[in-house]
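Enquirer: Sharing a structure here in structure tokens format.
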Amino acid sequence: MSNSSRNATEQNNKCSAAGVNSVAAALCPLSNCQFSGVVISAIADEQKLEFNNIYKSSCTLSCSYDSQGVLVRIMLDNDQGHVLKEYMLSADTDAAQLGKRSYAVSLESDNLVLRFASDKDQQLFRKVVENVKHLRPKSVFSQRTEESSASQYFQFYGYLSQQQNMMQDYVRTSTYQRAILGNSIDFQDKIVLDVGAGSGILSFFAVQAGAAKVYAIEASNMAQYAQQLVESNNVQHKISVIPGKIEEIELPEKVDVIISEPMGYMLYNERMLETYLHARKWLKPQGKMYPTHGDLHIAPFSDDSLYSEQYNKANFWYQSAFHGVDLTTLHKEGMKEYFRQPIVDTFDIRICMAKSVRHVCDFLNDKENDLHLIDIPLEFHILQTGICHGLAFWFDVEFSGSTQNVWLSTSPTAPLTHWYQVRCLLPMPIFIKQGQTLTGRVLLEANRRQSYDVTIDLHIEGTLISSSNTLDLKNPYFRYTGAPVQAPPGTNTQSPSEQYWTQMDTQQQQQGSRNSNSMLNGGLSVNGMADPGMDINLGLMHPH
């Protein structure tokens with residue numbers, strides 16, 4: 001028996017002894033389960049049962065739990081650091097045993113034959129398939145989300161005040177309405193699905209555009225308030241509010257259009273986009289998605305003030321005599337915690353040191369799995385010399401309609417929204433010169449707290465200079481105060497003092513010119529109106 005199969009057997013026995021009948025327990029033997037020495041073939045001729053080896057050498061199959069079943073990764077035995085292919089093993093996977101060591105399995109669009117190194121390995125893999133097929137988890141959502149996180153999430157969106165905060169975002173709400181009403185041809189007499197409907201405002205827009213029926217899905221307590229709005233506006237024959245998660249509910253029919261507002265900070269936070277993509281199972285072929293795709297923009301920035309602010313906060317823990325207590329042992333952890341916080345605020349785009357890199361998420365075609373691990377390569381051509389303190393993030397989404405395309409932007413050059421922008425600091429900033437190239441990557445790794453761990457890795461090309469950081473998108477620092485955005489230092493090309501006095505002189509000259517014109521006209525000016533024929537002496541009292 002191989003070490004991998006022995007480990008899987010031991011884990012299987014432990015779970016059986018525990019007698020736990022949960023999804024996690026049922027999948028327990030799959031944890032860190034690997035099968036080495038597997039020969040993978042494709043069916044070349046079904047009638048003659050002829051097979052062709054896909055890879056030149058034997059492979060290792062790695063099986064790990066995923067929210068949709070089991071993720072199977074294929075690697076070469078002699079190069080396990082490189083994943084050749086990934087497949088999702090789900091309850092719908094077709095599979096069959098072929099003899100004692102082989103197994104035929106249909107994974108996505110590939111029909112494969114797996115020949116294992118031993119009978120025992122084949123039996124264990126068959127157990128993997130059987131476990132997945134017998135699982136009927138409550139929902140994809142419940143598998144990817146901690147119960148405590150889900151509870152807080154739906155409680156938060158169940159408050160009217162939070163719905164009001166989003167509805168009063170004029171840019172957000174008006175852009176959605178314009179996108180829907182401006183493409184009424186996509187909604188006229190159509191069946192519409194509103195995912196995460198909240199108050200139902202988008203459902204009302206769909207009805208305004210002529211929708212025949214709207215299914216408004218809302219998992220929080222806000223569903224009851226949405227129902228009240230539907231009834232008070234007499235559109236209950238048009239809008240059907242369905243309490244629940246889209247991953248769990250059933251619709252009576254397929255839909256023509258899906259509408260939703262699934263974006264979070266940095267586009268991906270809250271993992272609502274996965275729910276939005278999951279809803280496509282109810283979308284008719286050639287159906288529409290509003291919005292259609294999202295662009296995440298990333299740019300290096302320089303901001304000494306922000307960096308110093310966070311650094312000085314952490315220095316609280318550098319005190320050796322705080323009320324007689326030495327805190328310095330926690331300074332390193334304090335520094336780490338503050339720099340793990342993404343900063344949510346807004347800024348002048350002139351702090352960006354290069355043109356932003358754009359990463360596209362295609363809501364019509366991307367899969368939910370694509371959002372579990374998002375790897376974004378970076379290459380910036382630096383436009384100004386300075387200190388790079390980290391990366392700035394914002395996003396745009398496009399509504400691609402049949403009549404017109406409409407964009408909703410959270411760029412620092414666009415009107416401010418409740419998404420603001422997000423900045424991720426480097427604990428060790430790097431000095432970079434104009435003309436140099438900054439390369440690296442951003443890795444967004446989904447977690448069960450409905451958020452992402454964000455890893456930044458930057459390197460100045462042609463040097464040994466690099467810097468990195470990992471941040472917790474679930475725990476941002478909300479820095480926005482409402483104060484006007486200040487221009488970055490060094491952007492004045494003229495004396496601000498002289499500019500001010502010149503402006504004052506100009507205003508005084510203009511005022512003097514207006515007064516002179518009034519006197520020359522010989523009239524009395526009242527609220528800017530004058531009668532040139534009026535005698536200004538009339539009505540004046542003279543001493544006797």
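Glycine residues also receive a Cβ, built from the backbone N, Cα and C atoms like all the rest.
Worth saying up front: this structure is predicted, and the values here are computed from it rather than measured.
According to Swiss-Prot, the domain 'SAM-dependent MTase PRMT-type' annotation covers 150-459. Sequence annotations record features per position, and here Swiss-Prot assigns S-adenosyl-L-methionine binding site to Gln163, Arg172, Gly196, Glu218, Glu247, Thr275. Annotated compositional bias 'Polar residues' per Swiss-Prot: 505-520, in sequence order. Residues or ranges marked as region 'Disordered' in Swiss-Prot: 505-527. The asymmetric dimethylarginine feature in Swiss-Prot is assigned to Arg514.
Help me understand the surroundings of these features in the structure.
Expert: With a 10 A radius on its CB, Arg172 (S-adenosyl-L-methionine binding site) counts 18 other CB atoms from all the protein chains.
Around the Cβ of Arg514 (asymmetric dimethylarginine), a 10 Å sphere holds 11 further Cβ atoms from the protein chains shown.
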Enquirer: Look up Glu247 (S-adenosyl-L-methionine binding site) in the DSSP assignment and report helix, strand or coil.
Expert: coil
Enquirer: Tell me, how many other CB atoms lie within 10 A of the CB of Glu218 (S-adenosyl-L-methionine binding site), whichever protein chain they belong to?
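Expert: Cβ-Cβ neighbours of Glu218 (S-adenosyl-L-methionine binding site) within 10 Å number 28.
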Enquirer: For the C-alpha pair, I'd like the distance in angstrom between Glu218 (S-adenosyl-L-methionine binding site) and Arg514 (asymmetric dimethylarginine), rounded off.
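Expert: One finds 62 Å between the Cα atoms of these residues.
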Enquirer: Can you name the residues of this chain that are 6 or more positions from Thr275 (S-adenosyl-L-methionine binding site) yet have a C-beta less than 8 Å from its C-beta?
Expert: Phe141, Val195, Gly196, Lys245, Ile246, Glu247, Pro262
Enquirer: Just to confirm my parser: what is the rounded mean pLDDT across the domain 'SAM-dependent MTase PRMT-type' (150-459)?
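Expert: 97, rounded to a whole number.
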Enquirer: Using a 10 Å radius around its CB, how many other CB atoms surround Gly196 (S-adenosyl-L-methionine binding site)?
Expert: 23
